[in-house]
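Working notes, structure below.
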Amino acid sequence: MTSTARLPKPVTEVWDWQKEGLCRGRDSAVFFHPDNERGSARASRENRAKELCARCPVLMQCREHALAVQEPYGVWGGMGEDERRRIIAASRRRVRAA
């Protein structure tokens, strides 16, 4: 008989946390910047998104997902694009140094 111990979890188990996110059903424009958005407009939009994330029951799952898949765009898990890029870059440097 074939063992199923090493098979990946069903997709619904992997993604179910998203059903609990406070962002669910909200306008994605809060979390993803429009083309050419810069400066205070971008900072203000990101802060609104991060305030929502701070109250979200799945903040850590969202953050872990965004870092694991190296999500390039938007606010995920209370972190903006630049914040995630810095963490991912630091992680890569540690791996290379090891």
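Every residue gets a Cβ built from N, Cα and C, even glycine.
Record features (TrEMBL):
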DOMAIN    22-86  domain '4Fe-4S Wbl-type'
BINDING   Cys23, Cys53, Cys56, Cys62  [4Fe-4S] cluster binding site
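Within 8 Å of the centroid of the Cβ atoms of Cys23, Cys53, Cys56, Cys62, where the record puts [4Fe-4S] cluster, the same chain has further Cβ atoms from Gly21, Leu22, Leu52, Val58, Leu59, Val75, Trp76, Gly77, Gly78. Mean predicted confidence for the domain '4Fe-4S Wbl-type' (22-86): the pLDDT average there is 96. Residue counts for the domain '4Fe-4S Wbl-type' (22-86) by DSSP state, with H, G and I taken as helix and E and B as strand, are 35 helix, 2 strand, 28 coil. By a simple count of nearby Cβ atoms, those within 10 Å, the most crowded of the binding-site residues Cys23, Cys53, Cys56, Cys62 is Cys62.
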